[in-house]
Amino acid sequence: MSLLTERTNNDVTVSSTATAPQRPEPTPTTRSKVRAWLGAWWVLIPLAVLVAWALLPGLFTGADPITGVPQEKLSAPSTAHPFGTDHLGRDVYARVVHGTSQTLMTAGLACLIGSVVGSLLGLLAATAGRFADSVAMRFVDVVLAIPAFLIALILVTATEPGPFSLGLGVGIASIAAFARLVRTEVLRVRARDFVQAALMSGGGYFSVLRRHILPHVIGPILALLAVDLGAAILAISGLGFLGFGSPPPTPEWGLLISEGRQYLTVAWWLTTLPGLVIVAAVMLTATLGRAISKTFRF
Amino acid sequence: MGGYIAKRIGQALLVILLAYTAVFLAVQALPNDPVTIFLSADSSADPATIAQMKAYYGYDQPLIVQYLNQLGGLFTGDLGYSLSSGSAVSTRIGEVIGSTLILAGSAFALAIVLAVLLTAAASLSRNNTVRKALLNLPPLMISIPVFWLGLVLLQILAVQLGVMSLFPDGSLLALAVPIIVLAIHLSAPIAQVLIKSVQEVNRQPFVDVLRAKGASESWIFYRHTLKNAAPSALSIAGITVGTLLAGSVITETVFARAGLGQLVLQAVTVQDIPLVQGLVLLTAAAFTVVNLLVDLIHPKLDPRIITAHAGSPRALVV
């Protein structure tokens, strides 16, 4: 068993030695508790700012993201306009802040679809017998064989560009990762003695699943969810950059960069600064994923 | 061994067939047929034209006939006709695929080289700070959008330094920069898995034995660790082929290169479903074939893969 745990949690084993000295501290004070929490979960603070950008953009910027001041067009970053202004004199920082909700909601929709459908599929594959397993896994192979990008494109071709079809397309593509992860994890847990014991003492399918298997599987799912959110942000901003997201006046991260591309020679800030926000957002979700898998290791 | 190969080839064929069926069914599930969707943007199209075009392209036949006809066409390399140009889908793809293959192929090769170099540098470096920095590089590289990296490089090289043109002019730099941009994006997941698997191999006792026998660190790394760590990185490299296409499309757009990318965008913009269908099928086939190759190389690197075969699980509660 030790070999199996080591294989599945290999990235954690290295870091556990680094955090080990903190643990045996006798009677932790409030301050050290806060520090330990911060050490593990500091990433939640910048992510909370990002969520606040999405929910209450007005708190973070007074500038209007849609109508600009033509006299101030294409001005370089300054204290008044931290990210500069675009060709219509719109504040780029305001557009990034207001675009957060669009990008995060589309990415959230994708993650929701991917995680719910993928987890159910993985669960079914691991617990509903051999036939269900081969059907579900062949389906996953097919989804895996068609790149996320093309699944989203088929949907956009057939319907029309917009956040919903993008989210749906990217979500369908991420089903495969969740299904595979959940299947492996459930298979690993169901081989343990306590699951056998629960089954032998008369536990039904759903009760054993809920009480004995799911609690052990939820950690990896949450970790993948965080990583997947980052991947979805990347995919959606890429598709938005190509023009398959919301139509122009809407501020969306990918679209912002695509608009700034036309002014590449005169205004570097139009592409560079919104891009840095995307990089930061994706890195933060990846860090959150690592923090979750550290906490929920089993 | 023979059984393993036959089984994997059979599985690959099944996946391609299923992918084709899935795309076919997805197209059928649309509220309208491809011709109506294609002509929906054109206000001058009257029902008679639509009906005529549907009959011409065979969209008025029963589903099963359409399915079998198109499937039969696949074996002769016939992917149907593009609605926007009237020429065969295979011709339109054939016209531009060369440029994309050069871009994607070189980027893929460079990505593997980059991943191995990064892993070697991170594993062999004696300086702790350098090693930590190198280990943190793949997560950073994976978070950078391809289009943004391309634009920033264009900004620096073409606008600030003026050593490169904004449009492809046949110079070495105009070819190399897109390849490098795409390779950086692709190498991140490969490097991540390779580093992880090298760390895992390094914890095995045989490495201590080698060290005790006096082998140098670089000898251990290149002759033993890398060989043992390669299979898992190879699997991931196979999977990145899927992102290679999306990456190529975006890279081609950023650097204004002709290629499959432009064709995809054009097909989507004019809602040319047969063309999109053909492109999807081609990608799915490419992905499946590359991963089949990976699976066939796998047992050469690690023969245990054939013997350690896990069957499907039984039902939890019968």
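Every residue, even glycine, has its Cβ placed from backbone N, Cα and C.
What TrEMBL says about this protein:
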type	residues	note
COMPBIAS	A:1-20	compositional bias 'Polar residues'
DOMAIN	A:100-289	domain 'ABC transmembrane type-1'
REGION	A:1-30	region 'Disordered'
TRANSMEM	A:36-56	transmembrane segment
TRANSMEM	A:104-127	transmembrane segment
TRANSMEM	A:139-158	transmembrane segment
TRANSMEM	A:164-182	transmembrane segment
TRANSMEM	A:221-246	transmembrane segment
TRANSMEM	A:266-288	transmembrane segment
Hey, would you say the transmembrane segment (A:266-288) packs against the transmembrane segment (A:104-127), going by three or more CB pairs under 8 A that are 6+ residues apart? no
Of the listed stretches (A:36-56, A:104-127, A:139-158), which one yields the highest count of Cβ-Cβ distances below 8 Å with the transmembrane segment (A:221-246)? A:104-127
In the same chain, which residue numbers or ranges, 6 or more beyond the ends of the transmembrane segment (A:164-182), come under 8 angstroms Cβ to Cβ? 105-115, 117-119, 121-123, 125-126, 136-137, 140, 143-144, 146-149, 151-156, 217, 220-221, 224, 228, 231-232, 235-236, 239-240, 244-245
